């Protein structure tokens, strides 16, 4: 019969479907019926071991049989039609559950379609009807609702919810990632727009000026900015296209231009240009420039947010040293949004738009002050202070929370969080409850944590709690928030698994989505507290398994035992309570191997190299294959695809060995190749059908060097002309080697017979080439032994002979022994004399060696001739070194061959100078004027002579051979002829010098030297370098009764200078100026008033001044002694002594003494009143000790320039008298070369002996006798300074 039945697809396992009953009229076993499903249960659902799925089959037709237990059982059949009713057990499934990736141009208009979503739901009716939601998007069609801007947000991540209309509805979510594609919708923007830069003048090209900067928020080339100068001096400045760095092209000159202005344009890769161009002002500075200087390097101001527009923030001030310069101010950086403005004249900074501290709390502005062409800058820091202009803000206006009815008081159920962007107390948030149902809740004032105060009533269902968040600012701002608290039953019991652990074995080949086991847990609670959901939380490597909410495990992704053979899954069962409880269990899944992996060779093509000549059984190589399976499924055996007589293969190890010995060369001859190509097979031992892999094996016979090279001939013959050019090919030898590679690579070399290196052989080709120059006369033939060597590790070789005959040619030119001959001749050489000889040789014979000589191509001018047969060179014309000192003759030797051959050599003839020219000074007298007192070593004049002779014959040295007046006042540089001062030049010594300069050449020998003389007159001009020097004595004796107006004496001061420099004026500058007067020009000292005898002595200070431009002055003390009677008495009326010339100033001459007749108590003073010689008054040659009476020299005395006898008048005066009391004495000073001598054998000195330096012995004796006689007549005592003692025997009289 046909029995219909309807059941829901979600009925639990073991649910009753329908009962079928059959009757059998038999009895016993024949009536004992057994039921079975004959067909229709292919899904196995009605063993009731699996759940039903309407989406797999909506109707199942079961054929049910009833069979008795008889020996020959009887059957009866009934058909059960099971219709499975739909339940909402399938969620909508997106076509791309992993998500969607969408790209969209950023400037797409609103309403642009992004993509069409599709989702399927296998359920029926409302259960399978899908609706899509994304905020307010239309179902299924995802499109934009407004125009998008990539620069604001480049990526969007949308969640699309697909919900069916079942009850309860099921849903799934897909993520749609939207990437906005860039469009070149932004132009580059400069900030700052204005730039000011300074540069010092004359800085080199390439000097850094400043950097401009523009930004473009677009991507890639659209956002890549390039800079260029659109206006300005591009000849002096350049901008780097990528960096914006501006540098100079040339050095700048401030005098040419003091300031430049450039306009810079920025262009992006899409050719959009900046709307506003950058303005760059460049000032050229020098050291004198003074840019404006701000009163502060950095300014700091404070302003509150939300102040009115135009609010005064602060003022900056800059000044410059130029008071006439007007300064203007400008903000260049730090304010891209234009929040602030600055008064260009006053520097006052004001607000230009609303300031919001929460948007930006600090600004750093750069302010530039322009003063004419130059600028200065300063930083301005502006801090924005907070106002309470923001209320606390909750993230959501309404939220809900689930709680359990048995939670105790103090349990925290929710954390409220509100944010206030204000600063300080304005941003501190305090929480309170504005609505607190039944007072069951409390909130932390500062934390926002909501806690329970009392127990909640599950019957109330839910509570509405209103939370208030307030800040602490003035005024206080607040916002509120609604929290829905839902109360749930207590979850008393956790889920419990029916086993402590599970272990399942499955085949690795089980298909994906196969269900293989179900875990089971129970929960004694009711409602959601008892509803259990399962999940895998650990051990699920590679997300291999999944679990349905009912605990059914299934295969989620393909399994492979070879990757992982065991999984230990940690499955958790959780109830759905507010405070869920859970239990965990380990589920071990073991994968059972199937033969699903074939063996795999580690290479598809093996290449082995096997050396020839090895004996049979030698190892060739090894193949290897790996099978990832387990047991017999993974055991590999190896074999050849076809039988191989030459090689054997180990079936287990994969080793290949040879079966006999190979000769590679024989294989090449027989087969044309020395390689074997084999196919090998690897087979596993799996059942029912083993799996295989195959690979190719190529065995190359590796050559050994067992064959020597072999020449085609043992003897090669060749001929070559002796005139053959370099690199001429002679012959090519050839050898072959049947070995392979380097063993058969032949290199040729000449090992014998090429000692002259005339030939070379190409080591690769065997080509013999001439590399030298052949000469039949030198070598008529060559026998070369050529070797061929292979390149084997142990090389093999063979040799052949190459015989080369050299053919003779007329190929020899005459040859000189040297290319150049140097000859020296004297310029006074006689015409016709032999100069030199040259000789050439020619290795040819006959006419080819018959040589003729000639002079060719020369500057000879017929001066030389050559013998054509002998090569002797003769002088043909008189030489003159000064006209031509070098001759270069080209001597050519030519043979008589056909054609003739010749060669040339150079004969260089140096004419050696003969000293036939004396030095020659320029004509005319030489005068030079110099100023006296020039520094020693000063150059005076250069005198130069010329000598046309060469080398040392014309090399001159200079010397001063005579000076008048005599002395070494000048020297001369012996090389340059420059005259220098050699001593102090004093015009007062000589006002003219006459020098004789001699220029002498350096010819050798010295006797051949020539010279010339030149007189040089040097005039000395005067300088006022001498002060007047008093010559007259500084004391005189006067008669007290002298008449007024009488001349007492003439004061004389000498000044050796010339002209006015030597003219002297006199003046009494101190003393008894009323008693005496002096004539200003003559120096006459006159009595101006009567002398007073009691005065005894008058003292004057007299000055002498010359009339030079810088008047020089000297003074002297003048003592006037009044003469009187009865004065001091000298020990002698006359004194005499002898002086020696050249004694230094201050040398004691003689000591005189006088005493007062009134006793020794009276003080006596001594004065020299005159020094005479031969009735002439002399100057101050001597001084006398005023109290001691010791006479000393006051000048260095020279007997040759002065007298031989000085008469000195000395006055002695008695100082303590009331009337003048004086006495005169005369001292004779004999100035001679006399030396006092005493005899050593006498007890006392008796003579003064003269030691004259000139005259004969008789003259000396006569002079000495005259001297002694003179001294004896005067009856004088003689003062003998520094006596020299001699023995009497040495004296001749």
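Glycine is treated like the rest: Cβ placed from N, Cα and C.
In TrEMBL, annotation is done automatically, which means it is predicted and not curated.
Residues or ranges marked as domain 'Cadherin' in TrEMBL: 5-94 (among others). Within the model, the domain 'Cadherin' (5-94) carries an average pLDDT of 69.
As annotated by TrEMBL, domain 'Cadherin' applies to 96-190 (among others). For the domain 'Cadherin' (96-190), DSSP puts the residue distribution at 4 helix, 42 strand, 49 coil.
Sequence annotations record features per position, and here TrEMBL assigns domain 'Cadherin' to 191-294 (among others).
Under DSSP, residues within the domain 'Cadherin' (295-394) fall into helix, strand and coil as 0 helix, 51 strand, 49 coil. Summarising the annotation, TrEMBL assigns domain 'Cadherin' to 295-394 (among others).
The feature domain 'Cadherin' is assigned by TrEMBL to 395-497 (among others).
Here TrEMBL flags 498-601 (among others) as domain 'Cadherin'.
The feature domain 'Cadherin' is assigned by TrEMBL to 602-711 (among others).
Taken from TrEMBL, the feature domain 'Cadherin' applies to 712-816 (among others).
Residues or ranges marked as domain 'Cadherin' in TrEMBL: 817-921 (among others).
The annotation domain 'Cadherin' is assigned in TrEMBL to 929-1030 (among others).
Annotated domain 'Cadherin' per TrEMBL: 1045-1130 (among others), in sequence order. Per-class residue totals from DSSP over the domain 'Cadherin' (1045-1130), listed helix then strand then coil: 7 helix, 43 strand, 36 coil.
The domain 'Cadherin' annotation in TrEMBL covers 1131-1285 (among others).
In the domain 'Cadherin' (602-711), helix, strand and coil residues by DSSP number 12 helix, 48 strand, 50 coil. Per DSSP, the domain 'Cadherin' (395-497) is made up of 10 helix, 50 strand, 43 coil.
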